[in-house]
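Summarising the annotation, TrEMBL assigns domain 'Acyltransferase 3' to 13-313. What TrEMBL records for 16-35, 41-66, 87-108, 128-149, 156-173, 179-202, 209-230, 236-253, 274-291, 297-316, 336-356 is transmembrane segment.
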Amino acid sequence: MDNAAAPLPRQRNIQWLRAVAALMVLLYHASHYLAAERGDATMSAIFGGTFGLLGVAIFFAISGALMAELLPRTAPPLFLLHRVARLYPAFLVASLLLPPLVTGRVSVDLRALSLVPIGDNGSYRLRVEWTLIFELFYYMALTALAALGGARRLRLFALGWLAVILVAAAWLPELRQATLVPTIVDLPFLAANAAFAGGLLVPDLVRRGLFQPALGAVAAGLAMLLLGFGFTAGRLLASLVGVILVGLALSAPPRSGPEGLVARLATRLGDWSYALYLCHVPVVLVVMRGMEAPPLILWLLAVTLSLAVSVPLGLLDLAIYRRLRARLDRARPQALARGAGIYATVYVVVAAVFLFKR
């Protein structure tokens, strides 16, 4: 592990890019549910499917780039448990507290809360869980790669995975590519994975100086083409845009000096972006179904309240993660190996069982 390249400096640009991605998904869903619940498509004509595709692709590409930096420097059990500690607590809090505001009843689906790829056998009440299912699969795959001694072959792994994704894009029918609740057998082949796999290559490409400012114009041009293609090609193009944007963000020199107000707000929103992602759909639905106002006012309320709810949830999320991370960092290697082994075993068993439940 000590032969790994020097880590890239932490970039506020990545936090700002996280904030942008979260806002894109929020604006898309607020517009989508305004049309679906109130029959007004004005905002969805502006913040349409492109925003959702790009927002998720940026999140996946950021995740891939960060995991490429962490994996060679972290023991596999600690790597996996850090990721588990990062995703589950805020997700469980949001899943238990927010859906009852929409449905009026408290119900728990342990299958959905597991975030294991189980096909369409779970009830996903936040309506964004699919990306977390994908993320946890990525972490499991990288942990297995590292446990087998392959952390230093990450570039080869990413290139091979991208090749498989491209072949599957031509082979799998569009309907199968569009599923958001795949089984563990289907998940590795879906086009949405291209952003994460491409993100794994970003740190190495940044060190090689590949990401020059002119690529920003290329990314903008590709983004404008997204809706002119089918679902699978759109996912692949969005992934390429996400990878370019993350590469540009990491290539920019670190800023020095104090941040202005806008920069501080962008950084905070980046910190709370996971919380915003988790909470926004239930909040949007509460507004669209429970309030009476002109469509534009409803849309503005949905966006504003989602941002407001993300603040306490984001603060709680970060506080819990800091505590759990500190405890994990102090834990003995044997305890970490045992904990990671238990989680991985349960994950694989549950995923395998649900291959036979249709």
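Cβ coordinates come from backbone N, Cα and C, glycine included.
Same-chain neighbours of the transmembrane segment (274-291): 22, 25-26, 29-30, 33-34, 37-38, 59, 90-91, 94, 98-99, 101-102, 125-128, 131, 298, 301-302, 305-307, 309-311, 313-314, 316-317, counting only residues six or more beyond its ends whose CB sits under 8 Å from a CB of the stretch. Contact between the transmembrane segment (179-202) and the transmembrane segment (41-66) is supported by 3 or more Cβ pairs under 8 Å, counting only residues 6 or more apart in sequence. Listed as Cβ neighbours of the transmembrane segment (336-356) (distance under 8 Å, sequence separation of 6 or more from its ends, same chain) are residues 75-78, 80-81, 84, 111, 114, 116-119, 121, 136, 140, 143, 183-185, 328. Listed as Cβ neighbours of the transmembrane segment (87-108) (distance under 8 Å, sequence separation of 6 or more from its ends, same chain) are residues 115, 123, 125-126, 129, 132, 135-136, 274-275, 278-279, 282-283, 285-286, 289, 313, 316-317, 320-321, 324.
For the transmembrane segment (41-66), the partner stretch with the highest count of Cβ pairs under 8 angstroms, out of 128-149, 156-173, 209-230, 236-253, is 236-253. Predicted-model confidence for the domain 'Acyltransferase 3' (13-313) is 95, expressed as mean pLDDT.
Taking Cβ pairs closer than 8 Å, the transmembrane segment (16-35) reaches residues 41-44, 46-49, 51-52, 54-56, 58-59, 62, 128, 245-246, 249, 263, 266-267, 269-270, 273-274, 276-277, 280-281, 284-285, 288, 295, 298-299, 302-303, 306-307 in its own chain, all 6 or more past its ends. Sequence-remote contacts of a segment are chain residues at least 6 beyond its ends whose Cβ falls under 8 Å from one of its Cβ atoms, and for the transmembrane segment (128-149) they are 25, 56, 59-60, 63-64, 67, 71, 76-77, 79-80, 83-84, 87, 91, 112, 115-117, 122, 157, 180-182, 184, 187-188, 192-193, 196, 277-278, 280-281, 340, 344, 347.
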